[in-house]
Amino acid sequence: MSLLTEVETPIRNEWGCRCNGSSDPLTIAANIIGILHLTLWILDRLFFKCIYRRFKYGLKGGPSTEGVPKSMREEYRKEQQSAVDADDGHFVSIELE
């Protein structure tokens with residue numbers, strides 16, 4: 001039997017909960033761990049892009065360009081922009097007569 005479950009028993013034609021040993025330290029610790037786990041999971045799902053980008057790159061906004069000549073940085077930026085511009089032509093306009 002799990003420590004985290006409550007036992008439902010019929011009482012006077014109604015359903016009630018009977019919690020045995022709710023002051024048990026192990027039960028309290030398990031409840032706290034469960035609540036923390038749920039909270040962290042929700043925060044992870046809400047902010048996963050920000051969190052993992054922060055772990056990957058630290059406090060910087062992106063990958064380091066340290067030691068890369070300025071001309072190469074500019075060329076890379078232009079390539080990235082042209083790739084984005086080229087993707088705009090992916091959609092085809094169809095005109096019906």
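Every residue gets a Cβ built from N, Cα and C, even glycine.
Listed features, source Swiss-Prot:
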- 1-22: topological domain 'Virion surface' (TOPO_DOM)
- Asn20: N-linked glycosylation site (CARBOHYD)
- 23-43: transmembrane segment (TRANSMEM)
- Trp41: site 'Seems to be involved in pH gating' (SITE)
- 44-97: topological domain 'Intravirion' (TOPO_DOM)
- Cys50: S-palmitoyl cysteine (LIPID)
- 59-88: region 'Disordered' (REGION)
- Ser64: phosphoserine (MOD_RES)
- 71-80: compositional bias 'Basic and acidic residues' (COMPBIAS)
- Ser82: phosphoserine (MOD_RES)
- Ser93: phosphoserine (MOD_RES)
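With DSSP states grouped into helix (H, G, I), strand (E, B) and coil, the compositional bias 'Basic and acidic residues' (71-80) comes out at 10 helix, 0 strand, 0 coil. There are 9 other Cβ atoms within 10 Å of the Cβ belonging to Cys50 (S-palmitoyl cysteine). Reported as a whole number, the C-alpha separation between Trp41 (site 'Seems to be involved in pH gating') and Ser82 (phosphoserine) equals 38 Å.
Per-residue confidence over the topological domain 'Virion surface' (1-22) averages out at a pLDDT of 56. Neighbour density for Ser82 (phosphoserine): within 10 A of its CB lie 10 other CB atoms from the protein chains shown. Trp41 (site 'Seems to be involved in pH gating') counts 10 other C-beta atoms within 10 Å of its own C-beta, drawing on all protein chains shown.
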